[in-house]
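Have a look at the structure below, then the notes.
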Amino acid sequence: MNEPKYKRVMLKLSGEALSGEKGFGFDFDFTKEISEQIKKLVDMGIEVGAVVGGGNIWRGRSGSEMDRTTADYMGMLATCINALALQDSLEQLGVNTRVQTAIEMKEIAEPFIRRRAMRHLEKERVVIFASGTGNPYFSTDTAAALRAAEIEADVILLAKKVDGVYDKDPHKYDDAKKYNKLSYIEVLDQGLQVMDSTATSLCMDNDIPILVFGLDEPCNIIKAVTGEEIGTLVSNSK
């Protein structure tokens, strides 16, 4: 196995990633596979922060008949459920973890405190950041970019259901072209589906590369941190 390319990473998992092929709820076997890969990262000496979406339970934009703010807060609560599920899965493997939330719920998690999060990472604890940014109208992608900047992560590992960034939906178009490398400006100008524009701009301003790869094989997480050719790398230099 190659030496790790990064010392501190931010892993962004969609809620759908925890649901596996089900698309809703939890696939505990698949969640365990992801946790096993995270454990390997820790064993390699890599400090791991994680942000989990809530799309397997609720999406703010799904509540079209609801007040947007209320729908977004429901989505934040969904990310907390996912964070606890991931924490439990990791701890069953003997991985020390902490969940920190942007909205205080001290009975189940710590409030987000940057210095405390940094200390946990230095002590080889996986820190799972939940409830997004704590504000409506911001996605969990933006939360991942924000927390990555705050903890000074070397890279955002963006695990998706597709194996990189394409010029159009590869599930709909057989001639979709995959990119190996992109600049942030290209992503924004072409409206490519990496992160939303707020998250992408935040990464660009703070020079945080984004590595987009597929979770069809959980071992891709290891490949991503050891520098293997995988997915699409988005950075300030193409």
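Note: Cβ is positioned from N, Cα and C throughout, glycine not excepted.
Of all Cβ atoms in the shown protein chains, 21 besides its own fall within 10 Å of the Cβ of Ser14 (ATP binding site). The annotation ATP binding site is assigned in Swiss-Prot to Lys12, Leu13, Ser14, Gly15, Gly55, Arg59, Tyr166, Asp169 on the grounds of sequence analysis.
Under the DSSP three-state reduction, Thr133 (UMP binding site) is assigned to coil, being neither helix nor strand. Summarising the annotation, Swiss-Prot assigns UMP binding site to Gly54, Asp72, Thr133, Gly134, Asn135, Pro136, Tyr137, Phe138, Ser139, Thr140.
Per DSSP, the region 'Involved in allosteric activation by GTP' (20-25) is made up of 0 helix, 0 strand, 6 coil. What Swiss-Prot lists as region 'Involved in allosteric activation by GTP' is 20-25, and the listing cites sequence analysis.
Sequence-distant contacts of the region 'Involved in allosteric activation by GTP' (20-25) (same chain, six or more residues past either end, CB-CB distance under 8 Å): 31, 56-57. Largest Cα to Cα distance within the recorded UMP binders Gly54, Asp72, Thr133, Gly134, Asn135, Pro136, Tyr137, Phe138, Ser139, Thr140: about 15 Å as a whole number.
For the ATP site listed in the record, the two most distant Cα atoms among Lys12, Leu13, Ser14, Gly15, Gly55, Arg59, Tyr166, Asp169 lie 24 Å apart. Of the binding-site residues Lys12, Arg59, Lys12 has the largest number of other Cβ atoms within 10 Å of its own Cβ.
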